[in-house]
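Chemist: Once you've had a glance at the structure underneath, I'll fire off some questions.
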Amino acid sequence: MTAAVSTGGVKPAKRGRGFLAPTILPGFGTAFGFTLFYLCLIVLIPLGHMVLVSAGVGWTRFWAITLAPRVLHAFYISFGCAFVAALVNAVFGLIVAWVLVRYRFPGRRIIDAMVDLPFALPTSVAGIALTAIYAPNGWVGAFAKAAGFKIAFTPLGIIIALVFVGLPFIVRTVEPVLQDLDAEVEEAAASLGATRWQTFSKVLLPAILPALLTGIALAFARGVGEYGSVIFIAGNIPAVSEIVPLLIVARLEQYDYAGATIIATAMLGLSFLLLLAINFLQRWTRSRHAR
Amino acid sequence: MAIEIRNVEKTFGAFTALGGVSLDVRSGELLALLGPSGSGKTTLLRIIAGLDHADAGEVSFDGQDTRDRAARDRQVGFVFQHYALFRHMTVFDNVAFGLRVKRKAERPAEMDIRRRVGQLLDMVQLSHLATRYPSQLSGGQRQRVALARALAIEPKVLLLDEPFGALDAKVRKDLRKWLRHLHDDMNITSIFVTHDQEEALELADRVVVMNHGQIIQVGTPTEVYDTPADSFVFDFLGGVNRLNGIVDKGVARLDGHPVRVDGEVGPEGPALIYVRPHQVELGVAPADGVPEGKWSARVSMVHAAGPVARVELDLSGRALEAQLSRDRLSDLALQVGSWCTVDFRHARVFPARA
Ligand SMILES: Nc1ncnc2c1ncn2[C@@H]1O[C@H](COP(=O)(O)OP(=O)(O)OP(=O)(O)O)[C@@H](O)[C@H]1O
Ligand SMILES: [Mg+2]
């Protein structure tokens, strides 16, 4: 689980410093060497090995497996649901963060603690809890059934699960930046004639956008990789509500190691590309701040 | 625009920040709100701007009650104590903000906005920094951006909360003069908050002295300086000597000698005699005792830097400060340890508090 939540907007941009130029901070060489070694051990070697294995299978087989309709649909569900959930969280997480920062009310601490629950809870617990409520015989599920649609065992159920696990990422990244924003800035906007909406869209949102994007990226990444909370509520119906991680596990259970590895590699590549894209987006918004 | 403030009250919980404040601000004047920290200056300013609501009382602009006018409709330019610039916008965009958020019908064309912002930046002498972000400016430059931003909407009233608070002495002095000119050129009603008495006395047409959420005195700088309403104002408006004396049969006395007093002597009994350092008259002590009706003191320190010399004296155990010209100082040939006579040109007497 990601414990180190970086807070987009508040970090001052580093001044350019030539690589390996003399610096006042001691031990750069050692620390840098350690960082490289550590990253290799933890991240690069296992992932690299996976890529190698799937490369050994050959391109034709690679494409045949990844472009199979069931696999494609699973990708679509995994990334699509994670994306929608991240956007939903962007809106409501922002409101939650806003309320927590700007208002003092009884029970604030409890709500504050509740936000972190999805971090701390084993995801399978979340999955069971959500399924119990949203299944057709559950509290909310029964209402939905009466209204003529299903929540659990559909992509909608997956989105709900991912909203649940993604919420703290948005709240915790946006919160410090909101705290940092002076209420006086909003008052200044008002005294200059801005409406509430103008104040929000022209003053607040641009100021928190980098942090919000970081939060969205984290929630999205978490959503793409989420397994525990989703498998219960999703029902895992092939080509309807099946996510990629589940597909990989299914292949493994059938002893199809090569197939599992190939899907995993494709997942890795896609995730990496997306994170890279989001990173560039963040850079761009942050550079407009020119702190 | 004239502003009338009637019995405005504001409490925060059990704490009274403003206890029934009434004030008339004349159209076109530059008014200073002067008072110690926590006296309610910012609170009053925020209520005028519509950023806070009074619990009781009313504020009207040119006779019109402002109760139902939101901050955005008041046409009040507010310069915040800590500038409150939009840090994700350039200097230019900060200044243009007030024009760009106007309703479609009133919003100037982009070209006019550019011209107007250009003029404002020229006026505050920041044209060359238009593309910078607030974090890339010095304190004084941020201050001027905040001012230009407030002026962009052509406000009828300009409110400045400690506009020079965070700046060093030299920049303060420059900006002070500059603000005075600006105010005169723009034909605007301005109120600025300060807890620096020198700034208030030098810059303002009239000074409002506040303490504990009350207005203690309103008047021109000369009035409040020369005829302070009470001991607090006397104290607050700059260096003062406070001497323990006594009022006996309508005459104030210090060490038995009568003191010439302006105004009321006040009730009989122990009293505090207030004398400003420049009202202390020093003289050469004659060899054969001290003349009638004068005190004698020993010089304990002489500060002779700048145009005015300060002399610290020991007047029978009390510390006394005197200010005199350098010429006068050399005439008297005062040195540490020498004796001189002391007299008071003007003094005020206030009852000593138990
Ligand atoms: N939002 C608030 N909640 C509670 N108390 C407040 C609030 N705003 C101001 N006060 C109190 O009201 C009093 C007056 O505050 P105000 O900000 O008007 O003082 P000031 O004269 O501007 O002081 P300074 O020179 O330090 O800025 C202070 O004692 C302050 O603690
Ligand atoms: Mg204040």
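Going from the start of the chain as shown, residues are counted 1 onward.
For all residues, glycine too, the Cβ spot is worked out from N, Cα and C.
I grabbed these lines from TrEMBL:
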type: TRANSMEM; residues: A:74-101; note: transmembrane segment
type: DOMAIN; residues: A:75-282; note: domain 'ABC transmembrane type-1'
type: TRANSMEM; residues: A:113-135; note: transmembrane segment
type: TRANSMEM; residues: A:147-171; note: transmembrane segment
type: TRANSMEM; residues: A:203-221; note: transmembrane segment
type: TRANSMEM; residues: A:227-250; note: transmembrane segment
type: TRANSMEM; residues: A:257-281; note: transmembrane segment
Chemist: Count the CB pairs under 8 A between the transmembrane segment (A:147-171) and each of A:74-101, A:203-221, A:227-250, A:257-281, then give me the winner.
Modeler: A:74-101
Chemist: Can you work out which residues elsewhere in the same chain, 6+ from the ends of the transmembrane segment (A:203-221), have a Cβ less than 8 Å from its Cβ atoms?
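Modeler: Those are 2, 5-10, 82-83, 85-87, 89-90, 93-94, 166-167, 169-174, 176-178, 181, 185-186, 189, 194, 271, 274-275, 278-279, 281-282, 285-286, 289, in sequence order.
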Chemist: Relative to the transmembrane segment (A:74-101), which of A:113-135, A:227-250, A:257-281 accounts for the most Cβ pairs at distances under 8 Å?
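Modeler: Top-ranked stretch among A:113-135, A:227-250, A:257-281: A:227-250.
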Chemist: Apart from its near flanks, which chain residues at least 6 from the ends of the transmembrane segment (A:257-281) lie with a Cβ under 8 angstroms of it?
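Modeler: For the transmembrane segment (A:257-281), the sequence-distant neighbours (Cβ-Cβ under 8 Å, at least 6 residues beyond its ends) are 47, 50-51, 53-54, 57, 61-62, 65-66, 71, 75, 78-79, 213, 216-217, 220-221, 224-225, 244-245, 247-249, 251.
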Chemist: Which sequence-distant residues neighbour the transmembrane segment (A:227-250)? Criterion: at least 6 residues beyond either end, Cβ under 8 Å.
Modeler: 69-71, 73-75, 77-78, 81, 122-124, 126-128, 130-131, 134-135, 152-155, 157-158, 160-162, 164-165, 260, 263-264, 267
